[in-house]
């Protein structure tokens, strides 16, 4: 399996590249040479950086939605689409993107993702006028398309570059970047765009916010062009060495998707500043949860037990959050939001890595892509469904709606 333990370190010097040589034959031939490169950490951190940039753009409108509504003179539903377009874009494009990943590899996928992400930020710079809402939606759509090239990458990148006892940690670092981007998206826009009445002054602040994200995206794009590599010359694990031989000779993308869809276990996985700070609390706690869960998986390899426990605790966290939200104590909201974020976001690397283990030797990118595909469908349904419930009956029924589906997911897990 991907988490193969039949390896040993030959070089104890951690300051140098670590060479691993396996002595056990494999299905595709004799034992193959493996090697760990120090640059693997640069690759995963660079991926994390451009994932951060893209995730920030997803939330930057929603946290100041009242200001965006006033500036562009649109209703709340129009602003919601600036977020939902991220989910909508994923559904039709995930299959061609995962095919592209399998056909042309990580570097090509990274270049396309960053080109789209960078283009989206500069289109938004040009949209800082009250009559150009359609332009800002166009820019957000480009960024949303870039996201399709990003979400399924962590498990694939971890398997291609990292050793058997590092893959879950590396996957969690990739997820960490996305969550950090969301955290910055909660925190920064309310600070950069104050709720002022003068339209010209508001346009200045919005344009300034767009310029910052465009500058960061451009810098990261340049780094990706210069630094990001397709894969190490020598694979890091025996399973990756086997995959290079086996997949190159008889791999079929459509056959892989069909096997995944027929895999039962895989299918079952299946106030403005205060608002920003609560969202930030959820995401920061989730970042800690992602990293801790990744480290725990690398140490124990207890995929189902850990997944089930974190899912149950996510349900408990959501229940506590739901029934304490209206107590009137802000500190209680922060604590319960942090607990909810820790377990719910911590589930992300668990889900990706558990899926990879359940479906080995299928492609990590394809399994992650299918998981994200279902997440986007449910995300759109839950965003619209919960929004309608909250509008009609209030916040409590809306959160109970989510608790019910978390309970269903727990039972299925």
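Glycine is no exception: its Cβ is also placed from the backbone N, Cα and C atoms.
Automatic prediction, not curation, is the source of TrEMBL annotations.
Residues 68, 79, 82-83, 86, 110, 113-114, 117, 120-121, 124, 140, 143-144, 146-147, 150, 153-154, 157-158, 161-162, 170, 173-174, 176-182, 184-186, 188-189, 209, 213, 216-217, 220-221, 223-224, 227-229, 279 of the same chain lie 6 or more positions beyond the ends of the transmembrane segment (41-61) yet place their CB under 8 Å from a CB of it. Here TrEMBL flags 41-61 (among others) as transmembrane segment.
For 81-101 (among others), the entry in TrEMBL reads transmembrane segment.
Taking Cβ pairs closer than 8 Å, the transmembrane segment (132-153) reaches residues 47, 50-51, 54-55, 57-58, 61, 72-74, 78, 81-82, 85-86, 88-90, 93-94, 97-98, 101, 106, 109-110, 112-117, 119-124, 126, 174, 178, 365, 368-369, 371-372 in its own chain, all 6 or more past its ends. Residues or ranges marked as transmembrane segment by TrEMBL: 132-153 (among others).
Cβ atoms under 8 Å from those of the transmembrane segment (173-196) belong to residues 44-45, 47-61, 63-64, 66-67, 150-151, 153-155, 157-158, 202, 205-206, 208-209, 212, 272-273, 276-277, 279-280, 283-284, 286-287, 290-291, 294, 345, 348-349, 352 of the same chain, restricted to positions at least 6 beyond its ends. Sequence annotations record features per position, and here TrEMBL assigns transmembrane segment to 173-196 (among others).
Taken from TrEMBL, the feature transmembrane segment covers 208-228 (among others). Cβ atoms under 8 Å from those of the transmembrane segment (208-228) belong to residues 42-43, 46-47, 49-50, 53, 56-57, 60, 106-107, 110-111, 114-115, 117-118, 120-122, 124-125, 127-128, 188-189, 192-193 of the same chain, restricted to positions at least 6 beyond its ends.
Positions annotated as transmembrane segment by TrEMBL: 275-296 (among others).
Residues or ranges marked as transmembrane segment by TrEMBL: 308-324 (among others).
The feature transmembrane segment is assigned by TrEMBL to 330-350 (among others). Non-local neighbours of the transmembrane segment (330-350) in the same chain are 154, 168, 171-172, 175, 179, 274, 277-278, 281-290, 292-294, 297, 303, 306-307, 310-311, 313-314, 316-318, 320-321, 324; each lies 6+ residues outside the stretch with a CB under 8 Å from one of its CB atoms.
Feature annotation from TrEMBL assigns transmembrane segment to 396-412 (among others).
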